[in-house]
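As written in TrEMBL, here are the features:
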{"type": "TRANSMEM", "residues": "B:12-33", "note": "transmembrane segment"}
{"type": "TRANSMEM", "residues": "B:45-63", "note": "transmembrane segment"}
{"type": "TRANSMEM", "residues": "B:69-87", "note": "transmembrane segment"}
{"type": "TRANSMEM", "residues": "B:139-165", "note": "transmembrane segment"}
{"type": "TRANSMEM", "residues": "B:177-210", "note": "transmembrane segment"}
{"type": "TRANSMEM", "residues": "B:222-243", "note": "transmembrane segment"}
{"type": "TRANSMEM", "residues": "B:316-337", "note": "transmembrane segment"}
{"type": "TRANSMEM", "residues": "B:349-376", "note": "transmembrane segment"}
{"type": "TRANSMEM", "residues": "B:382-401", "note": "transmembrane segment"}
Amino acid sequence: MRKVLLPSLIIIAASLLVIRVFYLQIIDDSFKLKSENNAIKKQYDYPERGYIYDRYGKLLVANQASYDIMVIPREVKEDLNISEFCELLNITKEDYQKRIAKARVYSPRLPSVFLSQLNKSEFAAFQEKIRKYDGFYFQKRSLRDYEVDYGANIFGFITQVNEKLIAKNPYYNSGDLIGKQGVEQSYEEILRGIKGVKYIQKDKYNREIGSYKNGKYDTIAVQGEDINLTIDAELQKYGEELMINKRGGIVALEPKTGEILALITAPSYDPGILVGRQRSKNYTLLYHDSIAKPLYDRGLLAEYPPGSPFKLLTGLVALQEGVIDENFSVSCHHGFSYARGRFMRCHCSGGQLQLHRGIYQSCNSYFATAYMKTINKYTKPAAAVDVWSNHLKSFGLGQFMGYDLPTGKRGKIPTSKTYKRMYPNGGWRSTAIVSNAIGQGEVVMTPIQLANMMATIANQGYYYTPHIIKKIEGKKIDSKFTTKHTTTIDQKFFPPIISGLFDVYNMGTASRLKVEGIDICGKTGTAENFAKIGGKRVQLKDHSIFVAFAPKDNPKIAIAIMIENGGFGATIAGPIASLMIEKYLKKKITRKDLETRVLNISLRSEYAKLGGMPEAEAIESTPKDSALKAKIITPKVTTPQAVVKKTIIDTTKKN
Amino acid sequence: MKNQSVKNNIDWISVFIYSALVILGWLNIYSSSLLSTDGTYQKQLIFIACTIPLIFVVLFVDGKFYEKYASIIFGVSLLSLAGLFLFGKTIAGQRCWYAIGSFTLQPSEFAKAATSLALAKYLSDTQINLKETNRQIQALAIIFLPVILILPQPDPGSALIYSIFILVLHREGLPAWYVWTGFITIVLFVFSLILEPQYVILISFIILAIVYFKGRVVDRNIILSGMILAAISVFVLSVNYVFENVFKQHHRDRFNILLGKTVDMKGIGYNTNQSEIAIGSGGWLGKGFLEGTQTKGGFVPEQHTDYIFTTVGEEWGFVGSFIVIALFACLFLRVIYLAERQKTKFSRVYGYCVAGILFIHFFVNIAMVVGIFPTIGVPLPFFSYGGSGLWGFTILLFIFLKMDANKVNEW
């Protein structure tokens, strides 16, 4: 026993040490990180963000140098000429003292930001003299420089990453910039490039003692790539001008490719106001304007019952299901009585209608009948609704379309499940859901879905997923944007619908909106809406809706327009559609009368009922173009003060 | 020819492990002091070079010399320790160096070998029976003499080393209860710091009761059991009292870190925390020679001396650490093996002392560095920077290797 005690102790002790070392080195990996924090400093080299161009190569978004003045308090000399220094930077002496004190609180020997985001001209005078001021130096940063004062909703903006994202994505560090909203967000990784890292070895006093492993792990920054958007800058600008003093969204697509030609939301703002020293003040204003919602992209997000334009789909499905044909006729007596005591009013001129006149006169009775026949074709209404629903979904409705912008809404296309939820006891029949026929009922669509519907009709049965990316430097765009989606409707059923749409301009609701030399096909629509003002439910003026494409043969543009509280579709939305189409196809405007009228329409008095934020309105959609300013007479509207801030806007399904 | 016989009979395995450890030690000192300008690794290289003539001298002295002059060597050693109180140089609050010009010498490093020789000499007398209380007292006195001189320097680390001689005495017949008492004392000490004293007493009572009733009826001694329990209670309560009232704050902190009670990583916890970080960041294979970020940054205090093992951990990883620990363990086991086959009691006891001393240095040092033992200044043999330490351990080991090589000439 006595002989083995020491050897045993040696073996046990050695094993114990090995186990402990194993635990430290292999099992507990927290030490690795601590050692990096301890000894290695990472220094980042931020690449310049890629530029953004329009479809024709016009530069929309570039970068500007911005300068942060940094200070190391301990190194600032006692005899610094403060008054001269303050004059150069245009700050007061008190400001100087306050900033130095703040920096000293942070650390006397580490650099901190003294003054941030100076632009070139603000910085120029100071730059010449900076050598005189020990302890001060500058750090160059790259900020966005907007070459245009429109398209804010398309571009999005740049902001500092938040803590949540840093935790989720290891690429970002505190203080890094990231694109938010618009293409800055959806093409963030392409635009931003990859930052370079230099590893620097520090000692226990936090001093740098050289590069870590002779720079073996250092990486060089990769420049951000430039992108071309499918946007036509001129069309975008024109659309935004037309929308001044109105609220709503416009989406214009090129039917043959699915490219987004214009994406307009109103009110909007000059993207330049979210850069530089005013950024946070302006952003706060825009963010808190919950009535006008300038940061809300109505073209992508505004969900409404589409109203009359939906009749086109009702017609197409009925044709495909073979329950009607081109010559099928319905007699309309200013309304449609579809069940005992149930009556749907109609504004058409009445009498016997075929599909053609049904479309251009937007006859409710005709499409209600067609829809009932579609549903009644099947013994079970549930099965019928699913058949109908699947046809509609082949148009990309009721789902996120998969376009390359970060926001969106599904819209809604009801299925048998929807009605099972609404009528848990069953017993519903075609009469219960007939409102769907005329785009009311349970159907909800966004402007971009409406635009895509028109593009699909223009293409006679196919579409490409709408997208805003035209070209990425040296790369192909995502193949999902070049994949053709074919609908479940036969091509032969489209021409009758198109010819009906053409006559909307010739003989129908949009006959006064014709443009010389362009065959436009279009359709008006309206959506009723209500708001709760002071606790009471009040009906507001209808939302004005218009969809169109042109030219009739070989379509080049499809467009959907929604104007909040714009009234009947042909009064505001229709003229805007005509002007936009003319602008795009002819690059000039012949219908000056229409243009002047639209520019001078202001719905501000209508919107004032909802209340608002005058400070925010001051920076929303303010035209800078002096020629344009002259053309627009902005009426003075006194916004009622002390309005309930939470005004709930809702739409209704009744019609 | 004597020369021939040493070359043929010396235990080359031990020599090889010794050389490997010294070389590895220097490489790690080189890495940890590469960026310092006070010539640390150059000096260590000179110290290592000096061991070669030292080894030759140790090996060519007559084999009987050590046994013959053990008492005189021990006496000189004690005098050198005592002389520190008069002529010692104080470095970092410890008065345990002689300064000769810019050179310093630490006599306590050599006292270990001297004490081992003295103990071996005393026990080699065939009349000695460690069952006798008188003999026990005499043997313990040999151990305690140097301890008494070292403790007030103050150098508790070096003093702690001498506790290993208890195991050597046990091997030579000291009753087991000495070892058990020591062991139980340590366990009780640790537990009374972790738990409230009443729980420790309760647990001791339960264990004693189990032992009492499990034992044969004739062995039951209610008075002895009661006395043991009383002794335990007094000890546990006094540990708490001493810990709170007699220990200085920095002593308490050293224990508190281990017990996970203190988390002040900037203050007292800094050493242990930094050394754990350095070792922990090594992973399987380490960061590579001269690539340790913690080592380069100088985050670990005293890295080239007491904390040299952190460099091993960081730069050579688990594999390197394992190899170093294994080399040490092999050396100790080899020395014990050699000790057991000695023909004289003198060289056997001395071999045991060598293995024991090297082992306790090794264990206390690495255990401290990896954070399972309180911070205490004990060097890692052959690795840590310092001439006295290196020479002391070299002489200690090679005197034994000489005895081992010489055993064929004994009879």
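The backbone N, Cα and C atoms fix where each Cβ goes, glycine too.
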Output the single range from B:69-87, B:222-243, B:349-376 maximising the number of Cβ pairs under 8 Å to the transmembrane segment (B:139-165).
B:349-376
Which residues of the chain, 6 or more past the ends of the transmembrane segment (B:177-210), have a CB below 8 A from one of its CBs?
163, 166-167, 169-170, 225, 228-229, 232-233, 235-237, 239-240, 243, 255, 259
Counting CB pairs under 8 Å, which listed stretch among B:12-33, B:69-87, B:222-243, B:349-376 touches the transmembrane segment (B:382-401) the most?
B:12-33
Which of B:12-33, B:69-87, B:222-243, B:349-376 contacts the transmembrane segment (B:45-63) most, counting Cβ pairs under 8 Å
B:12-33
Cβ under 8 Å, sequence separation of at least 6 from the ends of the transmembrane segment (B:222-243): give me the contacting residues as numbers and ranges.
185, 188-189, 192-193, 197, 200-201, 204-205, 208, 211-212, 252, 255
For the transmembrane segment (B:12-33), find every same-chain residue at least 6 residues outside the stretch whose CB is under 8 Å from a CB in it, and list them.
40-41, 44-45, 48, 51, 289-290, 292, 295, 300, 303-304, 308, 311-312, 315, 324, 327-328, 330-331, 334-335, 338, 380-385, 390, 394, 397, 401
